Amino acid sequence: MSGAALGLEIVFVFFLALFLLHRYGDFKKQHRLVIIATLLAWYLCFLIVFILPLDVSTTIYNRCKLAVNSSPAESNGSYVTLAPSEQKCFKPWSYIPNGIMPIFWRVVYWTSQFLTWILLPFMQSYARSGGFSITGKIKTALIENAIYYGTYLLIFGAFLIYVAVNPNFNLQWNQLQTIGIAAANTWGLFLLVLLLGYGLVEIPRSHWNGAKRGYLLMKTYFKAAKLMTEKADAEENLEDVMEEVRKVNESIKYNHPLRKCVDTILKKCPTEYQERMGRNMDDYEDFDERQNSYPSEKSLVKLHKQVIYSVQRHRRTQVQWQILLEQAFYLEDVAKNETSATRQFVHTFHSQEPENKIIQYFYTPTVEWYWECLLRPWFYRVLAVVLATFSVIVVWSECTFFSTKPVLSLFAVFIQLAEKTYNYIYIEMACFLTIFFLSICVYSTVFRIRVFNYYYLASHHQTDAYSLLFSGMLFCRLTPPLCLNFLGLTHMDATISHKNTQPTAYTSIMGSMRVLSFIADGFYIYYPMLVVILCIATYFSLGTRCLNLLGFQQFMGDSEMTSDLIDEGKELIRREKRKRQRQEEGENRRREWKERYGNRDDSTRNRVVHTDQKESSFSETNTNRPLSKYTRSNGRTERDRIELLQDAEPLDFNADSINDDPLESDSGR
């Protein structure tokens, strides 16, 4: 049973990481190495979070065995009975044998560090490179990372020289390894507190605001206005880049050595632009004799990079716009159905995707009305209160976890109470909920933040390779200090508890932080207290107000700019709604026309065809050709008239404008 718990969690975490990566990445279009590297980084980080509670319960059991072996005891069945106090050490159901966890943590930790500091930065530059060959992309990636790697090597070399010259330092390999781990964890802890302070406040507040339908609808209008601006900018940028591609395509003919590079660029363009810029293979041109100015390979590499970026951005904004429209329509439907007397949820538009029959059977319009209009707001409020309570406990424990006498950290109190009774299930559940909540606060912030258009995790398979790799780097750098912070909150770290007890297997691979006392006794203890200041700043939206002053429009209820964007977004949604309603009305009219006159049209067509056959056979035996010609032309005229009546779409006098020229209308045939 001990190995089964570890194996089940390993398999479960793998499928969890695969599911999240499938939601944000695109397995069909993105490079396999990018998918594998990102999946490995996410998987290792999630695995550390899920396996650490098992390490804690195993460590508590090992401490109990050490206490039993150091005192007179009698073995009795599956547990050990202490002679003085009659305490019992039960083996936990998820017990992991000695020697497995240290090897497991060592492999997971150093693999994640190799990914975040060496492999993923290199793959980022490789993915963004516009080179046309593997060698060219590798060369570009090495050049871009030369400064990055050189800076770290310079710092590390200076430190080694200082240690070698100073006679007071006598560092061994293990101590040098601990210093490297401490440096990486210090950088990660610095970023961890920033993200944690934001998530502890924003997650409960977002769920509380999720119960306010008016708030969600106004924020959706605001997002629509901003996204429309971004969408127009992406379309304009794509047009400019495609114009450059067109010029290059016309200047470089098929017999030019760089024509292969141009063909590679054309394959990355959208289909409509490829058809528009289809080159003529017959226009031979001797580029050696004509003194024309052709673009260089370096300029083509730059153009290739711009094409990849502009096409990805244009596709992402198009998909996000459609998703936002569906969300806005649904929120408007919820607002309308709240006052419904029939208590059945009515949608303005039918879902474009086929619904699951099982979900459709149980999730009826009545159930949907009760959930969306009555139960869901209260559920979000209760969940927000629970999350806010967890946030308060985390903030209190972050400020008091260094106190051991008395123990003020609430998480440490919970674990120590369960440790006295050796309730391993309670210990594992308490540890899992604690580290899971901390991970949600940190990881959700990583998924929410956006650094212009360079880093942005967009769902529905719209995240580019650079952002996926960057998220893997952040996860690998944040997870080790997150776990150390969790062990400090629960006093399972000997550096915090100041007890000479057996450490966890995860702490043992980190080494003793006493080598750097100013970090162990100073930075690791007092820096997490800054989470209080960050929570206060997030609660009063100081960061949002600063960004709004700098010109980056943020959603703020008391801002005039926000009100203008809400009105603009509302008008955009109303316009798109009218457009979709006209489309559905036209489709309904055509469907009704076919249902009403479909049989009559079929019989008319059959009668005309039968008449044509008779007339054609008659014309073969008779020389009266004008009569047969007249009959056939009359049959064609009848068929054309019927088809025109069938395809005709009634005029919509509620439209914004009526175009008198049928050749210029979008729906003209």
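If you go along the chain as it appears here, the first residue is 1 and each next one adds 1.
Quick reminder: no glycine exception, Cβ is built from N, Cα and C everywhere.
Curation does not apply to TrEMBL; its annotations are automatic.
These features come from TrEMBL:
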{"type": "COMPBIAS", "residues": "582-617", "note": "compositional bias 'Basic and acidic residues'"}
{"type": "COMPBIAS", "residues": "618-634", "note": "compositional bias 'Polar residues'"}
{"type": "COMPBIAS", "residues": "635-644", "note": "compositional bias 'Basic and acidic residues'"}
{"type": "COMPBIAS", "residues": "658-669", "note": "compositional bias 'Acidic residues'"}
{"type": "TRANSMEM", "residues": "6-21", "note": "transmembrane segment"}
{"type": "TRANSMEM", "residues": "33-52", "note": "transmembrane segment"}
{"type": "TRANSMEM", "residues": "103-126", "note": "transmembrane segment"}
{"type": "TRANSMEM", "residues": "146-165", "note": "transmembrane segment"}
{"type": "TRANSMEM", "residues": "177-201", "note": "transmembrane segment"}
{"type": "TRANSMEM", "residues": "378-396", "note": "transmembrane segment"}
{"type": "TRANSMEM", "residues": "425-446", "note": "transmembrane segment"}
{"type": "TRANSMEM", "residues": "466-489", "note": "transmembrane segment"}
{"type": "TRANSMEM", "residues": "523-542", "note": "transmembrane segment"}
Counting only residues 6+ away from its ends, which parts of the chain sit with a Cβ under 8 Å from the transmembrane segment (466-489)?
21, 24-25, 30, 34-35, 37-38, 40-42, 44-45, 48-49, 52, 56, 109, 112-113, 115-116, 120-121, 123-124, 127-128, 181, 184-189, 191-192, 195, 394, 397-398, 401, 409, 411-412, 431, 434-435, 438-439, 442-443, 446-447, 454-458, 495-496, 504, 506-507, 510, 524, 528
Considering only Cβ pairs within less than 8 angstroms, which of the stretches 33-52, 177-201, 378-396, 425-446 has the most against the transmembrane segment (523-542)?
177-201
So are the transmembrane segment (177-201) and the transmembrane segment (378-396) touching or not, going by 3+ C-beta pairs under 8 A with a sequence gap of 6 or more?
yes
Among 33-52, 378-396, 425-446, the most Cβ pairs under 8 Å with the transmembrane segment (6-21) come from 33-52
